[in-house]
Amino acid sequence: MDIYKFAVRPLLFDLVKADPEWLHQQTMRSLSWLSHTSDRTSTKWVQNILQKSLCLEDSRLEQNLFGLRFPNPVGLAAGFDKDGVAARIWSSLGFGFAELGTVTFVGQPGNPPPRLFRLPLDQAALNRMGFNNHGAAVMAARLADEKGQFSIPIGINLGKSKVTPLEAAAEDYLNSFRLLKELGDYFVVNVSSPNTPGLRSLQDASMLSSILDVLQKENNSHKPIFVKIAPDLEWEAIADIIGLAKTYQLAGIIATNTTIRRDGLKTQVIEQTGKAPQEEAGGISGAPVRDRSTEIIRFIWQQTQGEIPIIGVGGIFTPEDAWAKITAGASLIQVYTGWIYQGPMMVSQILTGLLSKLEEHELNSISEAIGLEFKS
């Protein structure tokens with residue numbers, strides 16, 4: 001029996017009605033403690049239990065991409081470990097890679113609470129966090145102390161500081177990258193969060209090109225750089241970004257961030273505010289973005305014939321969800337909202353399901369499944 005799904009989650013969500021952000025903070029405190037006391041006998045015991053319960057190793061799930069070894073294709077999406085306080089523990093929870101951040105050059109408190117809401121009827125979350133984090137320098141100091149101690153690739157998601165005007169965005173991203181470039185395995189240019197005023201305008205080709213230009217000029221260590229896009233873009237805008245990815249030799253595209261659309265939601269009123277989701281600012285993640293993110297993955301694959309790697313994220317709850325994104329063209333996938341709803345067993349359940357899919361389709365490795373929709 002999945003204790004989290006049938007006991008812990010109902011207790012926290014329905015009976016205690018714990019505030020989502022408070023619950024997240026308590027979770028991060030616990031994971032941070034585990035991550036930074038790993039030399040203690042008691043902590044090692046807990047980590048061993050986690051690894052035995054939550055990790056699944058199989059060579060068919062391994063991939064070598066952008067010069068990095070991924071033990072499995074399921075990663076933690078950005079937004080969960082904003083300051084990298086638990087970076088060493090994610091491998092013990094079964095993840096094949098983890099993306100830290102979003103981090104900004106200037107530390108900032110984010111938007112005022114309440115700013116995180118569950119929409120259980122829609123298997124979704126609505127957030128307007130606003131890139132709350134302690135800043136790139138603080139993350140850099142923390143990761144420098146732990147350098148060489150990670151058993152999975154660690155990505156860093158970079159955002160624009162709220163105090164920085166849009167016309168100075170390129171320098172702001174560059175300042176963060178300079179502090180962190182030797183400490184992350186790959187980097188993500190986040191220009192798609194709806195919760196920083198004007199940020200999504202940086203997805204415009206002229207604005208985005210200035211950011212990518214300065215980053216790649218600085219990128220003498222040749223770290224893989226991705227751009228993360230919104231699900232609400234028109235096809236023409238996505239095609240423009242694909243062109244930039246080729247021009248600036250990006251490692252790939254992450255599809256997608258949260259959506260600002262509200263159509264089709266079952267939730268009528270958000271309990272914490274008494275308002276409808278349509279009245280609340282913020283981005284929606286989870287099941288409502290599932291199909292759109294997969295459509296965009298499929299579009300990118302078709303436009304590039306699979307030449308640009310894609311990390312697929314949005315509405316992944318089950319092995320079938322993961323398989324749909326991989327066969328549409330995603331080399332890797334990331335989870336966040338689904339992990340909150342499904343619990344810590346979710347990663348191993350998805351990996352087990354993916355292995356079953358490989359056997360069903362008589363494939364020898366997960367890499368053979370990438371873009372399977374388009375292979376005869």
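Glycine is treated like the rest: Cβ placed from N, Cα and C.
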For the substrate site that Swiss-Prot describes with Asn127, Arg128, Met129, Gly130, Phe131, Asn190, Asn195, Asn257, Thr258, which of these is also annotated: Lys82, Lys217, Lys223? Lys82
In whole Å, the longest Cα-Cα distance within the recorded FMN binders Ala78, Gly79, Phe80, Asp81, Lys82, Thr102, Asn157, Asn190, Lys228, Thr256, Gly286, Gly315, Tyr336, Thr337 is 20
Spatial hits near Arg128 (substrate binding site) (Cα distance within 10 Å) out of the binding-site residues Ala78, Phe80, Lys82, Asn157, Lys228, Gly286 come to none
Subset of recorded positions (Gly130, Ser193, Asn257) lying within 10 A of Lys228 (FMN binding site), CA to CA, in sequence order: Ser193, Asn257
Proximal but sequence-remote residues of the same chain as Tyr336 (FMN binding site) (Cβ under 8 Å, at least 6 apart): Leu76, Ala77, Gly79, Phe80, Ser285, Val313
